[in-house]
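Here is what TrEMBL records for this protein:
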SIGNAL    1-17  signal peptide
TRANSMEM  71-87  transmembrane segment
TRANSMEM  99-119  transmembrane segment
TRANSMEM  131-152  transmembrane segment
BINDING   Asn150, Asp210  Mg(2+) binding site
TRANSMEM  172-199  transmembrane segment
TRANSMEM  211-229  transmembrane segment
TRANSMEM  235-255  transmembrane segment
TRANSMEM  286-304  transmembrane segment
TRANSMEM  310-330  transmembrane segment
Amino acid sequence: MIAVILSILAASLIASAGVTALAWRAGVLDMPNARSSHGAPTPRAGGLGVMAGLGAGALAASAFALSGGPLAGLLILAAAFAVMGFADDLITLGEAGKFLASVFLCIAVAAMAGPVTHIPLDGDIALGLPLWLGWAGSALFVFVAVNAVNFMDGSDGMFPAVMIPASLGLAVAGLVTGVNASVIIGFALAAGLAGFAAFNWPPAKVFAGDVGALGAGAAYAGGALALAGQGVPGSMWLAPLFILVFLADVLLTLLRRARYGRFSLMAHREHAYQRLIDAGWSHRRVALAYGGLSVLIVVSGLAAAQGPDIAPFLVFWGWTAILTVLHMLAGRLALGSQS
């Protein structure tokens, strides 16, 4: 497995370097605007390096005779998300078309990974879900996860700082429960993100763009859903827990905007990380804060999975409460800096 991870990291480093040069020459630049957290034009197709690492991981797994059920299908669907993202990076696709394509792909990911049809409670006790609810909930998880990752790719280094520990957590959970697809996707994605992070760490030389955010989000969601679908007690809570830093910021921001009559999915600058930057935090400090929280959450989740079956459930909601308080504090800090 070490050889697999090293091969993915090398492939992603090479791909990221090539994409950086190609993006500059091709003019695929992210131009600063009122909602941006950067001040200079920056290449935004660096996520191709992440996807290259993910693909190399699949090849390495096959070379080591390691395969994982729905792996091939999940990687193809992640690539489809990445292609849609790359097209949007190049020509800016229509919102309606992107939404419909995303919904279709989310349903396909749920079908490939296997929808969650029951919620394990304790030992052999499980709560059965109506088939339609299991399908809808699984597809909704993929949709929310993919879009949360995409929404939160807006500050130097933060995307890999959160997604690397999340992906490693997915891989370790897959090892413990014997879900090979989660193992391969988790390690490959983590290594691909590590290669990209070398160029995205503040000050960023390249951004992931939609190609990287959508592709990585879809790959993680597929691997996490495969893990949750195995019915191992607690695994259903690990899937959202590992990316809870992103999910909490997105969902709490939406609730806050709705409270003040600004409910909209359009781009804005009201996420907690954006408000921290506006309050004077550096991109590096934000990335370290979000990444540090992600590490703590993943470690606590993996530890909880070794305890009573209800432990991951309690850890999930405990961290949700903590992140809610931190989100409120970030808002107060931003308001204080403006006064």
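From the backbone N, Cα and C atoms, a Cβ is placed for every residue, glycine too.
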Long-range neighbours of the transmembrane segment (99-119), counting only residues six or more past its ends (CB under 8 A): 70, 73-74, 77, 80-81, 84, 126-129, 131, 134-135, 137-143, 146-147, 181, 218, 221-223, 225-226, 228-229, 231, 236
Seg_contact(the transmembrane segment (172-199), the transmembrane segment (310-330)) with at least 3 CB pairs under 8 angstroms, min sep 6: no
Interface check, the transmembrane segment (211-229) with the transmembrane segment (71-87), three or more C-beta pairs under 8 A: yes
For Asp210 (Mg(2+) binding site), the number of other Cβ atoms found within 10 Å of its own Cβ: 26
Highest-contact recorded stretch vs the transmembrane segment (131-152), from 71-87, 235-255, 286-304, 310-330, CB pairs under 8 Å: 235-255
Per Cβ pairs under 8 Å, the stretch of 71-87, 286-304, 310-330 packing most closely against the transmembrane segment (235-255): 310-330
Contacting positions for the transmembrane segment (71-87) when only residues 6+ beyond its ends and CB under 8 Å are counted: 45, 47-48, 51, 54-55, 58, 61, 93, 98, 101-102, 105, 108-109, 112-113, 146, 150, 180-181, 184-185, 209-219, 222-223, 226
Assigned conformation of Asn150 (Mg(2+) binding site) - DSSP reduced to three states: helix
